[in-house]
Amino acid sequence: MPYLFTSESVSEGHPDKVADQISDALIDHFLAFDPNAKVACETLVTTGQVVLAGEVKSKAYLDVQEIAREVIRKIGYTKSEYMFEANSCGIFSAIHEQSADINQGVDRKKKEEQGAGDQGMMFGYATNETNDYMPLALDLAHKLLIELAALRREGKQIKYLRPDAKSQVTLEYDDNNRPVRIDAIVLSTQHDDFDTEEKMHKKIEKDIVSILIPRIVSKYPKYKKFFDGKTKIKYHINPTGKFVIGGPHGDTGLTGRKIIVDTYGGKGAHGGGAFSGKDPSKVDRSAAYATRHIAKNLVAAGLCDEVLVQVSYAIGVAKPMGIYVNTYGTAKVKKNDGEIAKIVEKLFDMRPYAIEQRLQLRNPIYSETAAYGHMGRKPETVTKSFKSNDGKIIKKKVELFTWEKLDYVDKVRKAFGIK
């Protein structure tokens with residue numbers, strides 16, 4: 001029987017995402033100047049205030065206030081009427097040295113024996129319902145907000161947009177678990193106070209449907225069939241009406257509160273650990289990326305149509321407690337999920353140091369992950385600039401989203417005898 005499934009996303013200007021982006025900007029700066037830095041950084045943003053707190057073990061000393069201001073500036077909080085503005089907000093730092101008790105569980109004489117930074121379980125998921133092996137509802141929800149932010153920055157077709165926004169997409173699936181149509185789209189965007197509430201609502205609704213949606217269809221042709229007009233999509237645009245007060249002034253934001261937006265939109269599973277603000281010694285982050293890498297390569301290799309991969313750790317122990325695989329009955333090989341897991345365990349070294357090396361995670365690559373999802377993004381090589389506390393500028397050439405590479409497809413096919 002057909003069923004509905006929904007996923008949501010939030011924009012870079014959403015308060016929780018502002019916090020994530022500040023935390024990850026600090027991670028990047030520490031790693032740029034000290035690749036061996038151990039960092040756990042949490043951020044709180046509210047009306048006119050930013051609070052930074054966390055633990056650090058590093059040789060680098062940073063101007064954390066200026067780094068935070070630059071992130072806020074880049075997002076677009078640059079006007080005093082937002083009640084949260086890059087140049088004038090107060091920034092309090094309570095960042096201190098990492099506990100020696102925690103560090104002794106991670107550091108080892110041999111790097112290969114580096115222990116997990118904490119206990120826990122992490123999940124990776126992939127499906128062939130989109131070209132980037134991500135759930136379609138989440139992919140669409142992200143794309144809506146990416147293009148909405150682009151329209152805001154361009155400031156031509158829609159001039160009243162402010163940084164805070166949310167989207168939600170509901171899809172109908174058929175009996176074979178394939179998406180067949182979009183049932184509903186919910187989009188709420190912060191905006192200037194430019195007319196009466198009724199006129200603003202009508203204008204925003206019209207612009208989203210007549211400007212944003214055609215832009216999505218034009219830029220992402222693969223989604224054209226879902227907007228062909230054959231089935232009526234229910235649109236709920238700013239359903240509460242006026243949305244002038246938003247961002248950190250409207251809601252307090254915290255690092256790590258959008259973990260489902262960051263991953264698979266409710267598909268698969270989540271171990272509960274957030275990513276942003278954590279260096280790669282924290283397996284909450286590194287192992288989640290590694291399991292996504294495994295899942296994506298398994299599906300791309302034709303092993304299955306959909307897969308969930310779990311790995312678990314004990315703090316201070318390098319070898320995982322176990323690896324679990326669930327192909328949801330879609331496996332194309334004559335092996336059960338337990339047998340598949342055994343081969344996966346041999347194929348992918350899941351010790352923390354091995355993950356760091358395989359995915360090049362000791363590089364400043366995290367700011368780009370902090371909005372619009374950590375998964376399903378395009379791997380690319382970029383050159384990034386970082387400014388030290390004494391004004392020194394260094395440039396780093398890094399590869400982003402390495403866990404999205406399909407570099408193990410041939411190895412998977414060989415290991416499972418897939419032709």
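Placed from the backbone N, Cα and C atoms, the Cβ positions cover glycine too.
Annotated range for region 'Flexible loop' in Swiss-Prot, selecting from 10-20, 98-108, 186-196, 274-284: 98-108. For the L-methionine site that Swiss-Prot gives as Q98, D251, K282, the extra residue drawn from E55, E147, E205 is E55. Non-local neighbourhood of H14 (ATP binding site): D164, A165, K166, G247, G253, K258, each in the same chain, at least six residues away, with C-beta under 8 Å from its C-beta. For E42 (K(+) binding site), the same-chain residues that are 6 or more apart in sequence and have a Cβ closer than 8 Å to its Cβ are A19, S23, L52, A53, G54, L254, T255, G256, G277.
For D251 (ATP binding site), the nearest of the binding-site residues D16, E55, Q98, K282 in terms of C-alpha separation is D16.
Averaged across the region 'Flexible loop' (98-108), the predicted model reaches a pLDDT of 64. DSSP assigns D16 (Mg(2+) binding site) to a helix in the three-state reduction. Annotated pair K242 (ATP binding site) and D16 (Mg(2+) binding site), C-alpha to C-alpha distance, rounded: 21 Å.
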